[in-house]
Amino acid sequence: MQEHLIVTLDGTDYLVEPGTSLLEFIKSRDTFVPSICYNESMGPIQTCDTCMVEIDGKIERACSTVVNRPMTVNTQNNDVKASQKEALDRILEKHMLYCTVCDYNNGDCEIHNAMDAWGLEEQSYEYKTKPYEKDYGPFYRYDPDQCILCGRCVEACQDIEVNETISIDWNREHPRVIWDNDVPINESSCVSCGQCATVCPCNAMMEVNMEGNAGYMTDTEPGSLAAMIDLTKKAEPGDGLLFAVSDSEAEMRKERIKKTKTVCTYCGVGCSFDVWTKDREVLKVQPSHDSPANKIATCVKGKFSWGHINSDQRLTKPLVRKDGEFHEVEWDEALDVIETNFKRIKNEYGGDHLAFIASSKGTNEESYLMQKLSRQVFGSNNVDNCSRYCQAPATKGLFRTVGHGGDSGSIEDLERAAMTVLIGTNTAEAHPVIASRMKRAQKLFGQKMHVFDIRKHEMAARADAFYQPKPGTDLVWLGAATKYIIDNDLHDKAFLNDWVDNYEDYYKSLELFTMDFAEETTGIPKEQIISFAEEAAKAESMSICWAMGVTQQDIGSDTSTAISNLLLVTGNYRKPGSGAYPLRGHNNVQGASDMGSMPDQFPGYQKVADDEVRAKFEKEYGVELNPTPGRDNHQMMEGIHNGDIQSLYLYGEDTGIVDSNINFVQSALEKVDFLVVQDEFLTFTATYADVVLPASPSLEKDGTFTNTERRIQRINKALQPLGDSKPDWEIFQLIAQRMGADWNYKHPSEIMDEIAGLTPSYSGVNYERLQGFNSLQWPVAPDGTDQPTLYMDGFNFENGRAKLFPLTFDNFFKEDEVYDLHVNNGRLLEHFHEGNMTYQTEMIKYKVPNAFVEISPELAKDRDIHEGAELRLISETGEATLIATVTDRVKGREIYIPLNNDAMSNGDLGAINKLTNSDVDKYTDTPSYKRTSCRMEVLTRKGKSPLNPTNFRVDKQRNPQYSVQVQKKWERPDYVFPGNVVDK
């Protein structure tokens, strides 16, 4: 390792590690150098030229200089100051300073701050307007007149988000930011991640919700605002008065703009950020370099989809059904009805006749209390959560082989991996921020990406190798690839010898998985499987991600097991960039399971049948607990039909839409004696309820979420609950108290303390350790030490060794002459699942108003149907009517239906789960959502496309490039390097 180098900074010697950014080193010494285009999350862009310093006698940019030799650096002499002023003046030539009436005057305008800190008294070049109008997208707008062409937005779009939409046209007389090949924002391939607005150093790129709302004097009509700007320019002539006045106004804004750190309430990535609110209005979501899962990245939902918070469809009072209709009542009356019926059913039938479904949208603390309510108060283990619908098979596969039911590493490992494998996961739409990390690694650092999926989604289109197996056959090619690796002596023998058991039995089970069998069964040519196997074996590190395309099959547990087997055989656990990543769907589906909202497990995956474990919980709960595992979600519905379940209480779960075969589920909801639903809205499921309780969303409460990488993060209350709605944990406590339980929690932190005392994997978790952007990845030791990478001290079995698990395959998909189409389904980027929350944001609904069905060009030709055709799809269980879009994302007789359908407005007419059946994975009861067939009736042969023509999926042409292409700026005849001005 090279020794430290001596850097002499303004006359003082320092020892600096080789490879350090000079600008970062200068900043670390509390020495000011302006650096307007630089962002620590993106690195040097080199467009603003403000970071001029003298290095060994020569004026150079500090941002792009790496300490790789001893050097003498001066930041203060006259030449340096003159070159910095030249650069700052050139920026003010492009950007008008009217700070006091600017919505961005919130203390973090980097142009304002740089000019103020530098001490610029007056500018040398007059501001010049540009011949362009503002461009408004649905969520953010671009003002060319304020743009300094720093290129941060370009870097974010091209090389961080890797959507590759934004660039700068340097060839114009007046360069500007453009979208695609110079189209308006709303007509471009922009996916509205908002990262451009996040990183913009000024008000050029700004959230629409900020405009006219942030300042005391910014909500005026355009003409009046222009007059105020002119007045401001005269009153603030570029000297210190400008900053004094605007700084005072910025301080005043702090009294009405609240900034609260929270965590996104949508998918399992766990993006954290500050949410800016004024009264009840969400102005802005601002991620941070310190955000552990996402850094500065967001997607359209986390950045902009907050319309549900103030939706006029929010429930603000309890509802009780009387004479077949809902009536608003006070809390006491609703609780009276619940108490009476819960006690009646418990006394008449016993606690086992009540069932409880926890939400994966709620907090850890709330999921914990739901299972505690079920077990302590009612003596029932009939408690579950929506991991039953999606991730239970992945958890099963990991418990079989490595012993923990969670990601083996961190999101960072997916970026570090030499090779990533995506199986049955539409990552770019379901986990977009994770997808961006992998797209960046592939684009900039040469990561190899292999995608196995039946649908050609974005990640498939970007992949180095894309394979399209027949539905439900992933287990076969996985087995064949693993067998090939062993048979050709490519397996990691040292790893297997040191860390893995059951090799002989496992290898014997691979006899079936020949290349010929794999090719015939999967449809993937054996040459492609061999090529994949060889790359997987030789890769320095390999991570495998999978999701619903694997788990929502009737062999989801076995396929998940096969994935882990392959990782063990290639030695891809216990090292950076490797491991198993079952991408969790909801913001807290990992946490809901961690907290014991499952019929056979207490918090921390401790078995209810284990006498020692149960005794521990009995001591804490003060009652004898039921040792018999209860019913899961699927079994609850069967139990209602069989007369074994009389009451169902669920929160934050739209079971009547999201469960499989909702025809069967809806009839159960009609039949159950007493149904309590707790939610933000009168959901489709809530329409069946006897009592509906108004719950508060994440911005209105405190708590914690656990994301897909086992990362525990705090959410903080930003707003008061709307109307009489309450956080779920408070509602559970009210019900428990009505049932006679002594619950007296004052704050969720007390609930977490109780969790930590009972749950070894959370034993070191407390709110103090989760302040700000701090987080912990379980298991967490009592002293707060966590484990970003699992299994470094051995696998989670008694002997510390992993287990290869033998498998077989006899699950052949039989084509049906009547139901001749295979139905695939999944998320769209803009919506989350059924869309109850996302449909409340107007511009999200504008972009994707309804569900639709994707059909292939081949199928369209065969059936003589065209874009906009109205189709009735009929399966063995039900039917759905949808509008078609023709796309090569699907092929042959594969069709694809998004999960969102706005059931609160449209009912279940286009719901995918009208078609799905009741088949399940035999080990977990997870429904086989992806194993659905249907037939088609054509109602109309063509019509209006279901996709808004502005949607990014509709004939958009991205403009990929590397970074901002600053060389084109430097080649312009009007460009002058600030150091050259000094030299002259």
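Yeah, the Cβs are placed from backbone N, Cα and C, and that goes for glycine too.
Quick look at what Swiss-Prot lists:
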- C147, C150, C153, C200: [4Fe-4S] cluster 2 binding site (BINDING)
- C157, C190, C193, C196: [4Fe-4S] cluster 3 binding site (BINDING)
- 3-79: domain '2Fe-2S ferredoxin-type' (DOMAIN)
- 138-165: domain '4Fe-4S ferredoxin-type 1' (DOMAIN)
- 181-211: domain '4Fe-4S ferredoxin-type 2' (DOMAIN)
- 257-313: domain '4Fe-4S Mo/W bis-MGD-type' (DOMAIN)
- 252-984: region 'Formate dehydrogenase' (REGION)
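Using C196 ([4Fe-4S] cluster 3 binding site) as the reference Cα, a 10 A cut-off selects C153 from the binding-site residues C147, C150, C153. Within 10 Å of C150 ([4Fe-4S] cluster 2 binding site), counting CA to CA, the binding-site residues C157, C190, C193 contribute nothing. Note: the [4Fe-4S] cluster 3 site is recorded as C157, C190, C193, C196; in the same chain, C153, A156, E161, N163, T165, I166, V191, S192, G194, Q195 also have Cβ atoms within 8 Å of that site's Cβ centroid.
Comparing local CB density within 10 A for the binding-site residues C147, C193, the maximum falls on C193.
Geometry remark: C190 ([4Fe-4S] cluster 3 binding site) versus C200 ([4Fe-4S] cluster 2 binding site), CA distance 16 Å. Within 8 A of the CB centroid of the [4Fe-4S] cluster 2 site residues C147, C150, C153, C200, the other residues of that chain are I148, L149, G151, R152, V154, V177, C196, V199, P201, C202, A204, M205. Averaged over the region 'Formate dehydrogenase' (252-984), the predicted model has a pLDDT of 96. Between the C-alpha atoms of C153 ([4Fe-4S] cluster 2 binding site) and C193 ([4Fe-4S] cluster 3 binding site), the distance comes to 11 Å.
With a 10 A radius on its CB, C190 ([4Fe-4S] cluster 3 binding site) counts 27 other CB atoms from all the protein chains. For C200 ([4Fe-4S] cluster 2 binding site) paired with C157 ([4Fe-4S] cluster 3 binding site), the C-alpha to C-alpha distance reads 12 Å. Of all the Cβ atoms in the protein chains shown, 30 others lie within 10 Å of the Cβ of C150 ([4Fe-4S] cluster 2 binding site).
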